[in-house]
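Before any comments, here is the structure.
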Amino acid sequence: MALGWLHTAKFLTTAPQLHFLPALDVPEIAFVGRSNAGKSTCINTLTQQKQLAFASKKPGRTQHINLFSLGKQGVTDAVFADLPGYGYAAVPKQDKIRWQQVMANYLVTRENLKAIVLMCDPRHGLTELDEILLDIVRPRVEEGLKFLVVLTKADKLTRTEQTKALSIMKLQAGGGEVRLFSATKRQGIDDVATLLWQWAHPADGAA
């Protein structure tokens, strides 16, 4: 059920600032993470659409929030928000600061935001920017906002390294969910899909 629902995802809109986003009354789940953490690959794998997270990333849109609608029979029942990867080395400092402010504003004030999915490459662990993001959202998490850390590219680690990375991240995530994920090995896909389904459909219970 969860994967079938995820496959309905389609591009909705893109916006450079929070106030350009449409006000929505369906649950919104935000995907965040540093550049090259595997965010686009994860979204495309979960939705079984090879180009979904790339389709709206035309030149000039790389610093936009991209929304994707989900729902069967054409009825939107949830939205994914793909936030730009942070930590671009090539982006001027003033642009980085501006974008961090936009992200922080979104994460703190977006009313229909129900969950955050943080992509993290377990070979590098949490970066300084990841930790800043966790601090920003902590008050909302304490109020009930769902939170998931996806350890992408898990196939790059041995089984022992995976177990260690999972244990460390569970401590750092402070009560959030943590899952190992590999698009290449199809690891963790069903697990993450089920969590997202449940968070978007709290009244329906388990998938």
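Cβ from N, Cα, C; glycine included.
Since we're looking at a predicted model, the values are computed, not measured.
Record features (Swiss-Prot):
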BINDING   33-40, 60-64, 82-85, 152-155, 181-183  GTP binding site
BINDING   Ser40, Thr62  Mg(2+) binding site
DOMAIN    25-202  domain 'EngB-type G'
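Overlay of Swiss-Prot annotations on the structure.
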residue: Gly33; record: GTP binding site; DSSP (3 states): strand
residue: Lys39; record: GTP binding site; DSSP (3 states): helix
residue: His64; record: GTP binding site; DSSP (3 states): coil
residue: Pro84; record: GTP binding site; DSSP (3 states): coil
residue: Lys153; record: GTP binding site; DSSP (3 states): coil
residue: Phe181; record: GTP binding site; DSSP (3 states): coil
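For Asn36 (GTP binding site), the same-chain residues 6+ apart in sequence whose C-beta sits under 8 angstroms from its C-beta are Gly85, Asp121. The Cβ of Phe181 (GTP binding site) has 26 neighbouring Cβ atoms from other residues within 10 Å, across all protein chains displayed. Around Pro84 (GTP binding site), a 10 Å sphere centred on its CB holds 20 further CB atoms from the protein chains shown. Taking only the Cα positions, the spacing between Ser40 (Mg(2+) binding site) and Pro84 (GTP binding site) is 10 angstrom. Counted over every protein chain shown, other Cβ atoms within 10 Å are most numerous around Gly33 among the binding-site residues Gly33, Ser40. Within 10 Å of the C-beta atom of Lys39 (GTP binding site) sit 24 other C-beta atoms, taking all shown protein chains into account.
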